[in-house]
Amino acid sequence: MAYNVTLNGPGPWGFRLQGGKDFNMPLTISRITPGSKAAQSQMNQGDHVVAIDGVNTDSMTHLEAQNKIKSASYNLSLTLEKYVGATPPATPAPVHSYTPANTEPASRPPWVTDDSFSQKFAPGKTTTTVTKNILPRGAPAPAIARGTIQRAERFPASGRTPLCGHCNSIIRGPFLVAMGRSWHPEEFNCAYCKTSLADVCFVEEQNSVYCERCYEQFFAPTCARCHTKVMGEVMHALRQTWHTTCFVCAACKKPFGNSLFHMEDGEPYCEKDYIALFSTKCHGCDFPVEAGDKFIEALGHTWHDTCFICAVCHVNLEGQPFYSKKDKPLCKKHAHAINI
């Protein structure tokens, strides 16, 4: 359900954005500062930003949305849409599954409740993990992520007479256990090259089993950076697949893991390097000037409106005549101050 909010200026407005076209996610209110103008309105954390000052946000990158908000002169008009869907359940994986420390309400979108969502965002796909799974006798088969490398376990002949998962006949003699089922050793073979998988690793795909070589040839995704096949753990980001060691910050070259990243000129950057290289910093406090922050351009620098103050008495100089000395703003009273 869409609704309109008008925040009366001047800023700061008191909210932060997340998402954008470059993240393949809708622009979303990620944080609202308590007691701010945003907090006093109807807007809520998790709501989608449909339009900013009448301009649709569907084609806006995160930075373009920030700049649009910064350009608001006095009033800021937003068209928002309340998020009413439920958070999709995470696909179970053997290891590295994400479990939030504090359970969030089911109505919260995943990009609000999961800090690593922007790295994992790829509809219909999950990150796979290399594990060597040996199923103990009689144990139920756990949920296995797509692409997981497994290995069958051998059992000697005994009074147990299981049914073969291939021919559905009773097994009288030694048998294998894999994927929660039993097999004649001679019938547990690669679906393509027919190589025996009794004593080697295999991968399950589309209800069939394949040796590692055939899986790599026909099913394994290709890394967007090194253009080789990805066997084992896969990183899904920017609608592409990567080795976890290949999806790295363009500046420091460190893998992102489950950390947030930002896009600039088609390259991903970790948050630290993105702020250092591309964000506009306030000359007064050295913190970034972000979307929703009101700022001033003066003395060749950018300032938060609350940081542009007299260097001596700290009175706010926004909209006031001022002087400068040693690159510092001064009020009229202290224009000729000696010690600053």
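Numbering starts at 1 and runs along the chain as displayed.
Cβ from N, Cα, C; glycine included.
Summarising the annotation, TrEMBL assigns domain 'PDZ' to 1-84.
According to TrEMBL, the region 'Disordered' annotation covers 91-110.
Along the domain 'LIM zinc-binding' (162-220), the predicted structure has mean pLDDT 92. Sequence annotations record features per position, and here TrEMBL assigns domain 'LIM zinc-binding' to 162-220 (among others).
Sequence annotations record features per position, and here TrEMBL assigns domain 'LIM zinc-binding' to 221-280 (among others). DSSP assignment over the domain 'LIM zinc-binding' (221-280) gives 8 helix, 18 strand, 34 coil.
Taken through DSSP, the domain 'LIM zinc-binding' (281-340) splits into 0 helix, 18 strand, 42 coil. Residues annotated as domain 'LIM zinc-binding' in TrEMBL: 281-340 (among others).
Counting residue by residue with DSSP, the domain 'PDZ' (1-84) contains 12 helix, 35 strand, 37 coil.
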